[in-house]
Amino acid sequence: MTTLTVKLGERSYPIFIQPSLLTQGNQLADYIKTDKAVLVTNDLVDPLYSQTVIDSLPSIKIEKIVIADGEQHKNLASFEHVITQLLSMSAARDTTLIALGGGVIGDLTGFVAASFQRGMPFIQIPTTLLSQVDSSVGGKTAVNHPLGKNMIGAFYQPKAVFIDTKTLQTLPAKEFSAGMAEVIKYGIIYDKAFFAWLEQNIAQLIAQDVDALQYSIARCCEIKAEIVAIDERESGLRALLNLGHTFGHAIEAEQGYGNWLHGEAVAAGMVLAAKAGQMKGWMSKEEVQRVIALIEAFSLPIAPPANMGYQTFMQHMAHDKKVQAGKLNFIVPKAIGDAVVTSELDETLLRSLLD
């Protein structure tokens with residue numbers, strides 16, 4: 001087993017990474033302080049893993065809330081539904097929520113945990129690659145609004161993160177590829193040696209080799225834990241984790257949440273960001289090509305939808321959370337392993353990039 005720690009003083013918490021971890025409830029039970037917990041999951045994950053988690057915790061009474069699967073359900077209606085269910089179950093402030101699912105379930109459950117009676121404990125059990133390497137770690141919780149992604153939310157840390165790499169065996173190939181976009185992101189923004197390792201292990205990762213998966217997930221969580229410990233509330237360094245997301249969120253909003261997977265939109269966004277880096281004279285053509293080749297190797301899109309140009313992007317990006325003092329901030333790579341936050345992408349450059 002790999003055990004990491006997100007170091008946030010008294011709010012520090014562990015990340016456990018191991019195949020078949022879901023069957024080992026004794027460890028999970030250590031983080032549930034009462035004899036009652038509520039499992040929040042979706043209708044795809046529920047028949048696959050809910051009973052395994054419940055059976056592994058025989059001494060704890062577990063109730064279940066199941067919502068429909070998909071990004072289109074990460075909204076205030078689902079948030080209200082979960083709150084209503086908790087109230088009808090007489091959940092209390094010390095009841096533990098268990099988020100079992102991908103990024104939508106983790107983000108939604110975390111936001112409910114932050115809000116219900118002003119804060120209740122929650123545990124993340126991410127079952128998709130994207131949530132295992134990114135959204136389950138770091139305490140960003142949110143739901144979407146029709147005008148923008150993750151517009152309503154809170155910073156609220158879990159008590160622990162349990163990553164069972166075996167859950168990836170039931171993940172559709174398209175979802176696995178989408179998760180790889182976030183894995184690649186870490187190499188581009190922070191670790192050129194990890195990027196090179198990914199280039200050398202494409203076949204092993206696609207085949208879901210146990211050791212390759214364990215290493216890549218652990219390395220991503222390690223990088224994220226390091227960044228979050230330095231900058232929990234995204235005032236500086238943590239913003240680098242949004243590489244590809246400014247463009248990506250615009251693609252998701254324009255296409256309708258769920259029509260492009262989050263990771264697919266981020267992949268296309270990272271290519272745009274790398275090309276912007278080249279246009280600024282920061283990134284070499286060779287490195288941009290390496291980024292494109294690695295993204296393509298995992299069957300991910302390397303360009304936005306053909307119907308999206310400068311005007312459409314700008315219309316959505318005006319609502320982006322990275323707008324500060326009226327200026328839109330972008331995360332742009334200067335080289336593989338090195339990225340910056342910049343507002344220096346002018347209209348001429350953006351038109352040339354997007355039209």
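Just so you know, glycine gets a Cβ as well, placed from its N, Cα and C.
Look at Swiss-Prot and you will find 69-74, 103-107, 127-128, K140, K149, 167-170 tagged as NAD(+) binding site. In the structure as shown, the Cβ atom of T128 (NAD(+) binding site) sits within 10 Å of 28 other Cβ atoms. T128 (NAD(+) binding site) falls within neither a helix nor a strand when secondary structure is assigned with DSSP, and so counts as coil.
What Swiss-Prot lists as Zn(2+) binding site is E182, H245, H262, and the listing cites sequence analysis. Cβ-based neighbour count (10 Å, all protein chains) for H245 (Zn(2+) binding site) stands at 26.
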Excluding near sequence neighbours, so keeping only residues 6 or more apart in the same chain, what lies with its CB under 8 A of H262 (Zn(2+) binding site)?
E71, G103, L130, A178, G248, E252
I'm trying to understand the geometry here, so how far is the Cα atom of H245 (Zn(2+) binding site) from the Cα atom of D69 (NAD(+) binding site), in Å to the nearest whole number?
22
Listed in sequence order, residues not in E182, H245, H262 with Cβ within 8 Å of the centre of the Zn(2+) site Cβ atoms:
L130, D134, A181, K185, G244, G248, G263, A265, V266, G269
Other than its own, how many Cβ atoms are within 10 Å of the Cβ belonging to G106 (NAD(+) binding site)?
30
